[in-house]
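Notes to accompany the following structure.
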Amino acid sequence: MTDFKNDTIPDMSWTTGSNSGLLSSSPTTLALATLATGLAVFLVYLAYTPSVDALAPEFTSDTTPLIGSWGFYSRRWSFWRDSVARSKTGQFSFWLGKNHVVGVSGAAARKMFLDHQSLDRIKAAPLHGIGPEIVPPIHFVHQPNFSKGHSYFQRRVLDLMKTEHLASRLHAATREARTVFRGFPTKQTTLKGTRSGIVSPVDSCYRLVLSQSVRMMFCDELVDTHELFEKYVAFTHELQHLNSGHTCAVPWLPSLAHTKRRYYRHRLHCLFTPLVEKRLQSQQGRAGSRANDALQILVDNGDELDNIVTFLISVLFISIANAGKLAGVLLNILCQNPIWQDRVLSEINAATPKFWPADKPATLVEKLDGMPLEVWEASFPFVELIIREAIRMHVAFPMTRLNVSSRAIPIPGTGQVVPSGSFAAYNTNDAHLNEALYPDPLRFDPERFETPREGAKTETYGFLGWGNGRHRCVGQRWAKLQLSINLVYAVAMYKWNSCDADGNALPPVDHSFDRDRHGNQLAQGVFCKYECRE
């Protein structure tokens, strides 16, 4: 047995008595001490600034103490433009909380940004703070677990872009367009004496894009069940207008937008799950029963329930994020130019003889209903230019990457770097509003692509509408087809003119928008007057 000597026994008298020791302190004193300690730790955290590679670009002066460059979220384009203008090299650094970000600009930096293998797009997602997926953590469907570095998400989108699937669902998409546009004369206030009316393209075209995308990328049941579709429209609309990226800058500050993103993502999950479960259960032991839709492709691949639902939530959000707005943009702008409408109509009339017998009578719209996929994709070059110009002018956003390597990445021609562990960001307006590539860049002119400037022909990645470099839009085939279908049906069925809410003709409207805000919108007070062609 150990023999403890008196001088080795610690004095424990501090634990007893009423006048000394921590245990004798009042609860209030303990609470204040804890609060003071926590506050001190928090202030140290706020004051701490991580070290940055000395070769990183200089920091922009457009910053707020402790938070960083809030303008990245609140003034998306003007913050970027002004920071580039103040930089000697066109590159600049800024903080978002404790996250170091390098803003890059110019052709060489853009190519580096889009091509470098160590700049990861998915791991940079937290900087955006938009959409239904809250990251981190990154869900399995978005991780590069497939061949060639593809994710489950990319692999399944590519499956849905195959000709067999698009052709099999084409009629569902064209039928939806015809139904929506045909409903205009009866659903809208008609003008006396003519088969015409007035419509705001925003809501009608937005809902059309949503219903088409669900039929192409999910299943018919969601659209055909009115109550379910209305819920889907409402939840998606909320998510489209929520931005909680500032949680990167102020993670210690509660965020209502962040909470709402989680909530509406949960509501979509609850909406989609029963439909997927029903399909999975219906396939058990029934080899002969197979639906003809995207959900069936996922089920036939043996995909798990959670992966299917997560994929569907993400793919539908992405597929309508730009198309939902662009459909209204295209119609709104086309109203102001009858010459462009005539060019589209000429392409329609030139396309129908390719597949429709000359001796078989039919209206132009009936012929469109029977147009095969290969004709849709090859017969409308001017329509494609209109779409391209609409994307150039109306799809503006900051792209982000994370340097996941252990080495700094040189920014060509600057002597500066994107440090290891730092984010890189690029604003698409840097290319799309470049006067050297696009003269008078704020003027909508699809014909500029017919005779592009030499710089626009040769500059690498001068157009970013469908992504570029290592991250091209894997769903662009459907996106182009969908926008083409809607524009072609609109022109085939009606003549269009721009007007106010009372049907009075409007002079040309400036369709520029506030590029600083998230979720930009169409010009307000602009309506479309339509007159039936047939």
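Cβ coordinates are placed from backbone N, Cα and C, and glycine is handled just like the others.
Going by Swiss-Prot, these are the annotated features:
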CARBOHYD  Asn6  N-linked glycosylation site
TRANSMEM  30-50  transmembrane segment
CARBOHYD  Asn145  N-linked glycosylation site
CARBOHYD  Asn403  N-linked glycosylation site
BINDING   Cys473  heme binding site
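Features recorded in Swiss-Prot, as mapped to the structure shown.
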{"residue": "Asn145", "record": "N-linked glycosylation site", "Cβ within 10 Å": "12"}
{"residue": "Asn403", "record": "N-linked glycosylation site", "Cβ within 10 Å": "24"}
{"residue": "Cys473", "record": "heme binding site", "Cβ within 10 Å": "17"}
Three-class DSSP assignment, Asn403 (N-linked glycosylation site), comes back as strand
Between the Cα atoms of Cys473 (heme binding site) and Asn145 (N-linked glycosylation site), what distance do you get, rounded to the nearest Å?
18
How big is the Cα-to-Cα gap, in Å, between Asn145 (N-linked glycosylation site) and Asn403 (N-linked glycosylation site)?
19
